[in-house]
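Heads up, the thing below is written out as structure tokens.
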Ligand SMILES: [Zn+2]
């Protein structure tokens, strides 16, 4: 299976379906429930996302505050990967990185992308007490001190650090406009546009209180290489802004159009893992 096609379902029969995003998740040939056939790791011991139950999270006073140093970060491009919209960064050094938290080394920013629903009632990958948010931002970082390349880091159990930020519906997020206004350029799968000078620090909430646990990538190849940092405080964007994400397509220009939405994997079994909290409940 081409992992770029995991969400895509250009089957003509789906044309008659009212909710044309649902088959992507529900089609037994393509949805996350079938990934294990091509990627046995889908049933591994530290898969993501998970449902976070705050009452079961363990406050760990040894966890340091998360330090985000994105001041001089250089965004390069925005692209439609066929399963999300992604903004990529120059990552030849640690000038845009996170540190502190549970980490010994800084982790440099590689890219960010989003997961969202066709309706507001779903969309995030992580859930809190079983409740999904309409959208979730993932800021993907790798350990450039310990590993030579992103690929090498992604193959190691401690190579990646992903910061998850929940998005809920509220008033317009002014910094998000630059991004949502660029989405029309990458409507089709495989398209890419220049996107310089965007600093994702503007997408973080005021509080950097977090839950952390050991997990995986949430799309194939599902590598168990991620230390997750899920921020407790959501950010807000307007309905209109979220609608712009739903204008994107899973499909290429020449294919039958399938709306990009519901591009989330549901929560996976905890399998004995402990979620630690940087804050007292
Ligand atoms: Zn993601």
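Placement of Cβ uses the backbone N, Cα and C atoms for every residue, glycine included.
Feature region 'Disordered', per TrEMBL, maps to range 1-42 of the set 1-42, 43-84. Each residue in the domain 'Alpha-carbonic anhydrase' (21-279) has a pLDDT score, and their mean in this model is 95.
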